[in-house]
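Trainee: Below are the structure tokens for one structure; questions will follow.
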Amino acid sequence: MEIPDTPDTKIAKPPPPPPPTTQEPDPKRLKMSTTTTSDDEETASATNGTKKQRYKRRKIAIFFAYCGVGYQGMQKNPGAKTIEGDLEEALFHSGAVPEQDRGNPKRYDWARSARTDKGVSAVGQVVSGRFYIDPPGLVERLNRILPAQIRIFGYKRVTASFNSKKFCDRRRYVYLIPVFALDPSCHRDRESVLASLGSGNELVKCLECSERGRKVAGVMGKRSFEAKSTIVHSDVSSNNGESGNVIKEHNLTSELEEVTDSSVQNEFTEVDKVNVEKIPLEERRFCYGEEEKGLFNRILKHYVGSHNFHNFTTRTKAEDPSARRYIVSFHANTVVNVEGIDFVKCEVVGQSFMLHQIRKMIGMAVAVMRNCAPESLIETALRKDVSINVPTAPEVGLYLDECLFASYNQKWKDSHEELSMKAYEEEAEEFKMKFIYSHIASTEREEGVVALWLHSLNHRNYPDLRGCNVEMIEGMSLKVDDNTDNTDAKSASVEKNGDAEIQSAKD
């Protein structure tokens, strides 16, 4: 019998299934990678109900200057104090580089426009990478962290593919050489002074340094010779009255060995040490006039163009394509007076330079100017089949003046800022005079670095500086490469790409 379906009657339904013994986990929340360098990073994230501001990384080129004294060059090197090492740490502490990328510059596309050797300074150095440039005030934060001898001028936004090394077309370097170094009769070696005594062309004894005529140990046959040095700290007052802990490097000239011929050593005594100020001005006849300027510029012009500079560097053989470099210009038209000393400003522009190349070019040019070598020896030294020991001028007078980006500026002129030092000229000039020029002048006055080097510039230390005839050249010949065409083709490729200057060997 059917029971009618009324409100008082209910149909029995099966009980609901029991809840599962284990609950399914919530869907996994996607986490944003902490190592991402994408420009599509989120600008905000929720944390405990509050928003934490996040910033995007930007590709930028940083313009800065430094005084190289006390540093083992620009490039980072384990165990050595370098400009790059200090700069990387400052970028981290200023917030431009995250913790996970600290010490790993490849993660933020780090690149440098030029490498500088030990003790060499720079006014217009450029590095590039992807950094956090917000919040505002990155330049100020960097300058507060860095020592006074490293100064950040500013930065400019660049394209995502920009690389400060590959996109740098030219590098301009300046070498300040004291005017007296170009005087053939100034700071001559001991033998020349003794030989001139009693003659009508008697050379004035060297009164400006205590190392007159001594043989400088280590220069013979050692192209990478560096004088022993020690680093000390001293408080040096700046032009504006501020004092800073400035690093100074003092050459230990007392550790240089004297020539073994005691009969020659004893020719000069302490009585001969006369202050240079006692020399009448009328006796200082040499000046860098139009005639001297024309001669020196003619000597420097031998380097202009594409040449094989294997004799003007170390550890690079003549057959190596990298030995071939292109010099755009080389001239010395200006005399600057720094703290009472006149310097000739030698400016060289090239695609790229090798280790000690500029210092050796200056060394050879000074030797020719002082009549220690014939002018034709420069062309001989540029020959691929000749090996010559070329003198190396001291590093103290050399600095990187500017890195040039002509091709990049032309291509991206409508969408990006011009990469140049124009916006920082005034600030750069102030830094240059306060740190670089003053250091060059004070080092020469206190230590006589160039004056001491001039005494080694003679035929005893550098027999190759004598005139060379065909027979002598054959005797110095290394190896003539039969595959000249192939090598030149490789050299042209190197010239086009342009390496950065090779880093000096670390002590």
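FYI, residue positions are counted from 1 along the chain as it appears here.
Placement of Cβ uses the backbone N, Cα and C atoms for every residue, glycine included.
Caution: TrEMBL annotation is automatic and unverified by curators.
Copying in the features that TrEMBL gives for the protein in this structure:
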REGION    1-52  region 'Disordered'
COMPBIAS  13-22  compositional bias 'Pro residues'
ACT_SITE  ASP117  active site, nucleophile
BINDING   TYR173  substrate binding site
DOMAIN    300-405  domain 'Pseudouridine synthase I TruA alpha/beta'
REGION    480-507  region 'Disordered'
COMPBIAS  496-507  compositional bias 'Basic and acidic residues'
Trainee: Would you mind listing, in sequence order, the residues at least six apart from the residue listed as 'substrate binding site' in the same chain with a Cβ closer than 8 Å to its Cβ?
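Mentor: Listed in sequence order: GLU347, VAL348, PHE353, ILE358, LEU398, TYR399, LEU400, ASP401.
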Trainee: Taking the Cβ of ASP117 (active site, nucleophile) as the centre, count every other Cβ atom within 10 Å, in any protein chain shown.
Mentor: 24
Trainee: On average, what pLDDT score does this prediction assign to the domain 'Pseudouridine synthase I TruA alpha/beta' (300-405)?
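Mentor: PLDDT averaged over the stretch: 96.
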Trainee: Summarise the domain 'Pseudouridine synthase I TruA alpha/beta' (300-405) by DSSP state, stating how many residues are helix, strand and coil.
Mentor: 32 helix, 37 strand, 37 coil
